[in-house]
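The following features are taken from TrEMBL:
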DOMAIN    82-457  domain 'Amino acid transporter transmembrane'
TRANSMEM  115-137  transmembrane segment
TRANSMEM  158-179  transmembrane segment
TRANSMEM  199-218  transmembrane segment
TRANSMEM  230-252  transmembrane segment
TRANSMEM  272-296  transmembrane segment
TRANSMEM  308-330  transmembrane segment
TRANSMEM  365-384  transmembrane segment
TRANSMEM  405-422  transmembrane segment
TRANSMEM  428-452  transmembrane segment
TRANSMEM  614-636  transmembrane segment
Amino acid sequence: MYVPVLSFSRLSPLPLCPPFLPSSAPSSTLTISTMPPNPKKKLAHTSSPFFAPSTPRKLVQVSTPGGTSKLIKKESLEAVEHKSSISGATSNLVNAIIGAGIVGIPFAIRETGLIAGVVLVVLCAFLTDKSLKVLVGTAKHIDVPSYEMLFESTYGSFGFYFISINMLIMAYGGCLSYLTIIKDTLPVLLGVEKGDVGMQRSILTLSTLCVILPISMQRDMADLATTSRVSVLFQCLTVLVVVIFSPISSSLEQNGGLQQIASQSIIKTNSIFIGLGVLSFAFVCQHSAFIVAGSLERPTRKRWGQVTGMALSLCVILEGSIGVTGYLAFLETTEGNVLNNFLEFEGSIRQAANVARGLLCTTMFFVYPMDSFVCRHVLVVLLFRGRRAHEGDDAAVLSRRDRRVAMTLVIYLSSLIPALMVDNVGSVLAITGTIAGSSLSYIGPGLVYLAVYGDEFLQKVDEVWGDAIEIENGEEQDAETANLVPKVNESNDANEAPSSIQSAWKQMTWHLFLMPVWCSIATLGKRKLKLFREKEALKSPHLNRLGKIKNAPMVRANSYTKVDNLIPPSNPHQNYGAAITLSKNKSDSMQSTRSSLGGDEDADIDTSPTWYDFGIAIFFVIFGMVALTAGLLSILMT
């Protein structure tokens, strides 16, 4: 005969023992067992449903605040996310930026004009670098770990689903384009005739099963650092081949020289937005920004800035070089894939083009997993239940092998089947790239920055236009936006004429700069962010993958933190998880936690935004809307 024993997992004062508990039972007994003890049989861990919250766990011995010890479930070391160095994160980011789009840069310059194309390459790189810093810096400011939660904090559920769907569209389009390029390129390199469709499909299926699928099965973005370095090397070699073997000299001689070509190709107003769409698509990487940033060891603003700076600098060099040389070599006959222009040549030039195709095809095998990881990340936050899934903690969710294998297979098959059936997906990719690319790269960062720093923006607006308008903040009201009412100067005194002129000027600039729109966005974001923070304050603390802000009001802890390093709450009925504070005399044991957060010496110092920052955010929104609208019109009219 056996006796059931009572257990309590919460770290709260133990209640009085029930009457059925034998007097010989120790007061600190913590386990209920309705099964007879059997030392020969181990209790099996019951797996949760596929989409339910669960992570690999193991039993470890820890001490309770009362001085006793017990067995608790602690996350397995396998659930800890792998981290990458600055060079590894830079390689991953370059790999996410430079994909199949690099061979289309010469075509983009043909559509924009030589001078305008070079300027737009540099401009797109600058805007991409700035938007990456804005996104991660803004997320760290409000302590959220992902692009989706950043939009959720300021625009609610609509923002969460809007940005998640755009990320999925962009990443899925990339996966589809990479497989299509492999199907068109690899069979040619292997000597298969162009019309042999069956052999092309077989080669695509077998090659991707052997190379792409195993790489995509890995769990963390940091695990792709090695293949990304190889991919970046091959991309550099591809550009080098095009630069060396492009027939630039003969083209310049036949068309009057470089000065003549440049003077006739400054800017093409009728097709510039088509080229801008291609360039924007080539630089889109915001959908993978948080995954790469979170995989960085000690992801401070400074270190993330080093990653984006080096990555975008290399991208400008590579894309600018292949774009200028490819366009100067073929001018108005430049095709969407510049390597196809080399088919009309024989000898060493044709052989060099085949080498470039082989390098490009190889990079497609290593670029595909990047977008596959993004697709998998979006499916995690949309389909799986639990706080960790919602916050994009892929390492915790995908530590279960069945989930990782199933989701990777679904993404692979859903992109492979269309790639086998369709030969040209250019129109679909152009439309999705224009919509999702503009939303993720420009509109999203601008809107979220105005919303997160809405209070600071409204204060600056009041300092400039305060005597010309009334801003009735609806923080304590139910209004969705602020009521922006221009003041009317009712005085007829001649001495106040200069003041009236100044007031009229401010009212004119108020509407000219679209300040009612930006103030409405800021006020809405301020109100939504307040509600989000109140909701998050009710949850237990946790570690953020993006690190911490220096002098933050509370250091977050998670299940990696030892229980004996915590001080119990003074109120016995208080939620223990929400009341966690770190013990001052446990500095040595907390060193690993500080290291995972970046350490005090690497912690970010939050700074106040300036008018320059807000100007960049507003420019992002306007630029993104213009690029989206003009890009769609250009595609529909062609």
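Cβ from N, Cα, C; glycine included.
Keep in mind that this is a model prediction, so the values were computed, not measured.
Proximity of the transmembrane segment (230-252) to the transmembrane segment (428-452) is not established, fewer than 3 Cβ-Cβ distances being under 8 Å for residue pairs spaced 6 or more apart. Counting Cβ pairs closer than 8 Å and at least 6 residues apart in sequence, the transmembrane segment (405-422) and the transmembrane segment (365-384) reach three or more and so form a contact. Contact check: the transmembrane segment (428-452) against the transmembrane segment (199-218) gives fewer than three Cβ pairs closer than 8 Å, residues 6 or more apart, which falls short of the contact criterion.
Annotation: stretch 365-384 has the most Cβ pairs under 8 Å to the transmembrane segment (158-179), among 115-137, 272-296, 308-330, 365-384, 614-636. Cβ atoms under 8 Å from those of the transmembrane segment (614-636) belong to residues 127, 130-131, 134, 271, 273-274, 276-277, 280, 427, 430-431, 434-435, 438-439, 441-447, 449-450, 453, 457, 460, 518 of the same chain, restricted to positions at least 6 beyond its ends. Looking at which of 115-137, 272-296, 308-330 has the most CB pairs under 8 Å to the transmembrane segment (365-384), the answer is the stretch 272-296.
With a cut-off of 8 Å between Cβ atoms, the residues of this chain six or more beyond the transmembrane segment (272-296) that come close are 81-84, 86, 88-89, 92-93, 96-98, 101-102, 104-105, 107-113, 116-117, 120-121, 124-125, 127-128, 131-132, 135-136, 139, 145-147, 166-167, 170-171, 220-222, 303-304, 307, 315, 319, 370-371, 373-374, 377, 392, 394, 429-430, 433-434, 436-438, 440-441, 444-445, 545-546, 627, 630-631, 633-635, 638. Tertiary proximity for the transmembrane segment (308-330) is limited to same-chain residues at least six positions away from its ends with a CB under 8 Å from its CB atoms, namely 86, 90, 93-94, 97-98, 102-103, 105-106, 108-110, 114, 117-118, 121-122, 125-126, 128-129, 132-133, 232, 235-236, 238-239, 242-243, 246-248, 251-252, 258, 261, 282-283, 338, 341.
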